Amino acid sequence: MAVDSPDERLQRRIAQLFAEDEQVKAARPLEAVSAAVSAPGMRLAQIAATVMAGYADRPAAGQRAFELNTDDATGRTSLRLLPRFETITYRELWQRVGEVAAAWHHDPENPLRAGDFVALLGFTSIDYATLDLADIHLGAVTVPLQASAAVSQLIAILTETSPRLLASTPEHLDAAVECLLAGTTPERLVVFDYHPEDDDQRAAFESARRRLADAGSLVIVETLDAVRARGRDLPAAPLFVPDTDDDPLALLIYTSGSTGTPKGAMYTNRLAATMWQGNSMLQGNSQRVGINLNYMPMSHIAGRISLFGVLARGGTAYFAAKSDMSTLFEDIGLVRPTEIFFVPRVCDMVFQRYQSELDRRSVAGADLDTLDREVKADLRQNYLGGRFLVAVVGSAPLAAEMKTFMESVLDLPLHDGYGSTEAGASVLLDNQIQRPPVLDYKLVDVPELGYFRTDRPHPRGELLLKAETTIPGYYKRPEVTAEIFDEDGFYKTGDIVAELEHDRLVYVDRRNNVLKLSQGEFVTVAHLEAVFASSPLIRQIFIYGSSERSYLLAVIVPTDDALRGRDTATLKSALAESIQRIAKDANLQPYEIPRDFLIETEPFTIANGLLSGIAKLLRPNLKERYGAQLEQMYTDLATGQADELLALRREAADLPVLETVSRAAKAMLGVASADMRPDAHFTDLGGDSLSALSFSNLLHEIFGVEVPVGVVVSPANELRDLANYIEAERNSGAKRPTFTSVHGGGSEIRAADLTLDKFIDARTLAAADSIPHAPVPAQTVLLTGANGYLGRFLCLEWLERLDKTGGTLICVVRGSDAAAARKRLDSAFDSGDPGLLEHYQQLAARTLEVLAGDIGDPNLGLDDATWQRLAETVDLIVHPAALVNHVLPYTQLFGPNVVGTAEIVRLAITARRKPVTYLSTVGVADQVDPAEYQEDSDVREMSAVRVVRESYANGYGNSKWAGEVLLREAHDLCGLPVAVFRSDMILAHSRYAGQLNVQDVFTRLILSLVATGIAPYSFYRTDADGNRQRAHYDGLPADFTAAAITALGIQATEGFRTYDVLNPYDDGISLDEFVDWLVESGHPIQRITDYSDWFHRFETAIRALPEKQRQASVLPLLDAYRNPCPAVRGAILPAKEFQAAVQTAKIGPEQDIPHLSAPLIDKYVSDLELLQLL
């Protein structure tokens, strides 16, 4: 039986769609319109007008329908998406464009003229398209801003471009207002995609107006609907058509590039027109039906071509409902696009859905080939809409096996596109040079990496090219422009390619020696090779990886001693053990450790072409010799992992739990069998918080039991403990609260979800109001998190207080038993200050009891008898313990930080009512309108609804908010006394040596400044004359923070108090002053005037530091300093309640919140020297 080829199946699909699908038939491009658009001499606005007139009655653009939804609990109204799209015609779209153009053009005070700049901040939508097209109509220069960019970056761009007008969605109004208040030039702020019926959107709009008005700003704030209404009654604005010989600027696309400094790629009128006229696979040839879903930002060239390429063909451009891709596949299923541009991340999401469906449907005896076909057919028809005719992938390399998988799902070729903002979106397609737009290309030698045009069998080198779509340069950056072109005018791509034949190129590598792995982590392979070469068993090592992979491999030449007396298996085990030991000693990250390796007994030499004349590894030659074997190893590892995980899912019911847990960890982390001991820790095997998240999800799939990340990474838990935890959960019969059981699904969480009856039994809740209050003053205090950075100083404060009265401090610390827990706590005070350690030990001997427990466990991990003893004897609870992780999502922090706090509440309302001191975070304010924020207001009202997303610290902030909500509920239930402390940066202890938080960003910065000896002229944006501005750094010493929390917590024997633990002064004490103090103390630090120059020199210097210093440096957080900060005077949040309480209680030497001082900064240096980091 003959099997259809993919092309035959595609042709049959096309014929069927044109015969049966009315939407597809109606979207066929018109030859007359296509010819007019492509006619020589057509200018950008003429093309747009021609398209809009030629397809006037067709549907042009579609967005998700919505309805208004009022929350019964809060009374707030929001938009709820409906499972359908609504469209407008080309005529209606162009009418909207005309209204906006007329309003702007005829504005009596600030008319917009050709050449003026308009900046847009938001996600792609019909309103966004309207504004963009209005710019085209008038000849204005569009500046699409990256919605994810830091405010400092946005300000830099707006300062450089001086736009007359800034348009923003409600979601980004805070950033827009920050830019305007920073003194940028827009005269108007237009708010688009605005629905005043939505309470949050209306609040954002009103807040923006109020903030600008309060600041005395003259910026006019109005909605796009108001602009359109004004323009509706005005004469039409003239269509901008430049003179024949004129090619004015039409668009700036800003890209950070490799330097991190925003650079505006200039698109002239002619270049911008090619986005409509192009005939590339991405844009679509003039006869291809275009129905697509636009999910890429308009600040990216692919996003713009995706939109305009479809409109130019008379198709329908639908817009994704949300920018975070949370509705992407729901949107795709509703739209059923005929074409799509994939990015690798979306391919990963499809594959994850495939794996999940495959596992869900797998049953014993199922035919895997049949199941594979069924799942892929279901994905193709339902998940992806079932009528794709063209699919393209781009923006980053896609692994070959992923490409094969996607093609098998789509039943279509997945075309591989290569381009860039500077060169144009369509330079290569399926490795073939695209002519047009490419006019010429060449390869140039890269001798430092060993790539030459004389290489055989194929020439290799950096790709340089000339193309019709290449930008003329960067806006106002002549020096940077000069760097990206050679003397013959060829654009330097920075990419190494191999020329298989004329016009057929294959991507090889980036010229930069720093390798970016697929998860976004950068590794310096030469550095890693040097680290591992220190092993007595390793003679030479070649590290191998690519941007398509998340982990590294290696080729190892063993030493003669290593080879002597060992067979292959024993040798490999010895080498693997050596690598792990060296990695641990060097504090390498898991992604920096090769997961597997080839053993080569022939050394790399000059003679065999693997070393250069100065004995450097010749990477191209090494890749040529070992590349195929290493790629096969990647394939084998992936296959082995998938097979093992599938086997585990099937066999888990018949295997001991410990065996399943160990095999799952082995498969997920790719470690050797010899390392899989029952007493091994997940983190010691190379796991980190992200891999722990995947492991947690896997264990839940296998066992049907929630295994939080905190349990996986707990230093008290070995693999056998994880197995015991799972067995206990399976046998308990009781289900602990989870994110889903409390909040349901979705991306919003509500304070109303967090009711105590979801966490605490009815009997305890019913009795809470009738139990006696704990005695005052407290004599028995329970402290969680005592071995944490702040926790240790709270421990010391309470030991000192209770020692005077004969009281007892009980600390719950993670550990396999009480002795191990006590050892962990003791080590927190052993920082190199003998006086501190002796003081602690003397107090502890008289006053301290340590229990082994875990806040994430039922009963805090304590047995019933101990729990009951605490319930009956504890007088006050201090709860700073939390899983502090700014990467993990709320779902994973829910167990330790929310359920754990609920257990604290349960203890507090059992047997006697015990006041609670709770440590929260200023991150709670992250999702609160600054105008609505009050220090002591009820968080349930101030932040009733919050968004769950994957942004930095979102999960942690939400988890601490949830803890506050639960405590508010407990207070309402029975008058439980509560004191909440929202802390910001907690700095070093003022007195005790070595006591500073090595992991926090401030310590890392001080270390990096002193170690590199360079600092910027100012960390903040300078004034118009280039002078330093008055600024403030918000932080408090750990000892004052602990003293304040303890003193105020003792007083909280009734009521509910909330304090923002901040340094609120407009005192001019900032990062700049810290550098001044360091210089005055004799540390040789050079100030660099140009901030960008400093940043790049700083990064280079940090990367060159010794390994121990580099690991403790600011390198992982360096992006925070990529651009100068706004000069903020005073604290970001109010702290009046806290300051008044501190003054009344006379806390600290000054009986007030202290100012930061030079001695504290000097102590940072001495502490880092004591810890041998400086």
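Each residue, glycine too, has its Cβ placed from N, Cα and C.
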### Further NADP(+) ligand in Swiss-Prot, beside Asn787, Gly788, Tyr789, Leu790, Arg814, Arg824, Pro880, Ala881, Ala882, Tyr956, Lys960, Ser983, within candidate set Ser741, Ser747, Ser920, Ser1018
Ser920
### Message
Among Ser78, Ser168, Ser256, Ser689, which is the one flagged in Swiss-Prot as O-(pantetheine 4'-phosphoryl)serine?
### Response
Ser689
#### Entry: Local backbone state of Tyr956 (NADP(+) binding site), from DSSP in three classes
helix
### Task
Return one of helix, strand or coil for Arg814 (NADP(+) binding site), based on DSSP.
coil
### Query
Of all the binding-site residues here, Tyr507, Tyr789, Tyr956, which one's CB has the most other CB atoms within 10 A?
Tyr956
### Query
Compared by Cα position, which of the binding-site residues Tyr789, Arg814, Ala882, Tyr956, Ser983 is the closest one to Thr421 (AMP binding site)?
Tyr956
### Task
Inside 10 Å of the Cβ of Asn787 (NADP(+) binding site), count up the other Cβ atoms and send me the figure.
23
#### Entry: Proximal residue to Asp416 (AMP binding site) among binding-site residues Asn787, Arg814, Pro880, Tyr956, Ser983 (C-alpha distance)
Tyr956
### Task
Report the largest Cα to Cα distance, in Å and rounded to a whole number, among the residues Asn787, Gly788, Tyr789, Leu790, Arg814, Arg824, Pro880, Ala881, Ala882, Ser920, Tyr956, Lys960, Ser983 that the record lists as binding NADP(+).
25
## Note on the structure
Densest Cβ environment (other Cβ within 10 Å) across the binding-site residues Thr421, Ser983 belongs to Ser983
### Query
Using Cα coordinates, what distance in whole Å links Tyr789 (NADP(+) binding site) and His300 (AMP binding site)?
43
### Query
In the domain 'Carrier' (655-730), how many residues does DSSP put in helix, strand and coil?
48 helix, 0 strand, 28 coil
### Query
If you count the C-beta atoms lying within 10 Å of each candidate's C-beta, which of the binding-site residues His300, Pro880, Ala882 ends up with the smallest number?
His300
